[in-house]
């Protein structure tokens, strides 16, 4: 009884530790608001207030964000959060962070239900490592759909495991797997192949007369949830995202290299070569334990998706898994392990932690298997070693998450737009022209921070988009609303208008400022000291006094005003 109570207390402490690591300073870390988060927040707020998205589309089946399309579930759930919690960065990230907290519990039950471990301590150690996993924590703190999809997919996996003892659990398993396809693009492929491979691999268990009613009902529920996707399946809203990420260009180059072969041979060879290269990268210990995602926006600074010391138990766990290959649980783990990277391997990114997030579950189970073997060796010594490793890992995590991320990566995460919004409110009588040549779309960030009424945003967009919402994939980043305009600066026209020109550190040089009589009125820097925005006030009077141009200076009188 004492041991059972201690086990429960430790498990609760692990849960609260994981929750704290995900919730702490959620509003300010990551430091800023990434453009995808801003799109989610603005559209969720617009749905809440008007029942329409930023383009004026009533309750869309797929949201149009910056010219691409996103599954709708996260945005709709966020609108509910905003209703209760207000319109803030925390509200945008809340669905994701809550998903991350529940994932700790789900992982624990998946490992426990597989019944493949010989020591209870390994179950606790696995749950603890999941709770402090850099991969899990990072995506729990981000305000868009990835972690929600991962939660739903993991719930589906849990019920598939439970169905081994009770086939009726196939029904909720199919429901959650189908729901995950309404949350993120990767799950739109992964969930389908998971269901198919599961039924093929365990056909003797489930494909029989006693389970036929369960299977039929489960499939009907699965298909029913897919109806919104079916309605837009053959539209660019569904197709462009996948084809835009697919490495077709690389395949064409490979086909040219194999020009001595007929196309019907060279094309599949080129595809297999590229797919295999991308696919195997997700099993590399270097990528999993020693190297972070090459995209700085998708990783924590100076830390990989797993802690480097876990690689030892990853290797041990793989050997254990292979040794137990005849067990049903082992086959299930291997199935998850091999399927998880498939959607990511179909894109051109060399190692996308974002799309491959479902790989976290099988890899963590394999690491837990390695720990289980280690605990069987020398129990007291093993517990001490693992405790020391976890303590050191928390120190590394603190440095990366709490110190480096909000300072080193602030610019990448959209830091500066909130400060720019404050500058705009300081000059209510001035027009702001924001040069968007090298920055993320400014209009959606400013719409968030200025809390622009959804109706104003809907009126500012190209009205033709609403008529062909799922067909028109073109996107124009030129916006005029609430005192600001976003486009590239036209140096032949804009210097002759009374306004404030805003750009990054390269948009407006000191030479241009001197030549056109621009006066710097503000400068916004990141916590690291990087220049994010500079604001320059134009002076058409002085410009026209120095060089009168007919048609541009007619409204300005030559003056001797000092600059």
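Keep in mind that glycine also has a Cβ here, set from the backbone N, Cα and C atoms.
Now, the feature entries from TrEMBL:
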type     : residues : note
TRANSMEM : 69-87    : transmembrane segment
TRANSMEM : 94-111   : transmembrane segment
TRANSMEM : 123-139  : transmembrane segment
TRANSMEM : 146-164  : transmembrane segment
TRANSMEM : 184-202  : transmembrane segment
TRANSMEM : 214-234  : transmembrane segment
TRANSMEM : 306-325  : transmembrane segment
TRANSMEM : 332-351  : transmembrane segment
TRANSMEM : 357-374  : transmembrane segment
TRANSMEM : 381-398  : transmembrane segment
Touch test for the transmembrane segment (357-374) and the transmembrane segment (123-139), at least 3 Cβ pairs under 8 Å: yes
Among 69-87, 123-139, 146-164, 332-351, 381-398, stretch most in contact with the transmembrane segment (94-111) (C-beta, under 8 angstroms): 146-164
Distant-in-sequence neighbours of the transmembrane segment (332-351), which means Cβ under 8 A and at least six residues beyond its ends: 114, 116, 157, 160-161, 185-187, 189-190, 193-194, 197-198, 201-202, 242, 245-247, 250, 275, 278-279, 281-283, 287, 291, 293-295, 321, 325, 358-359, 361-363, 365-366
Within-chain partners of the transmembrane segment (69-87) [C-beta distance under 8 Å, separation at least 6 from its ends]: 39-41, 43-45, 47-48, 60-63, 94-96, 143-145, 148-149, 179, 181-185, 188, 228, 236-238, 240-241, 451, 470
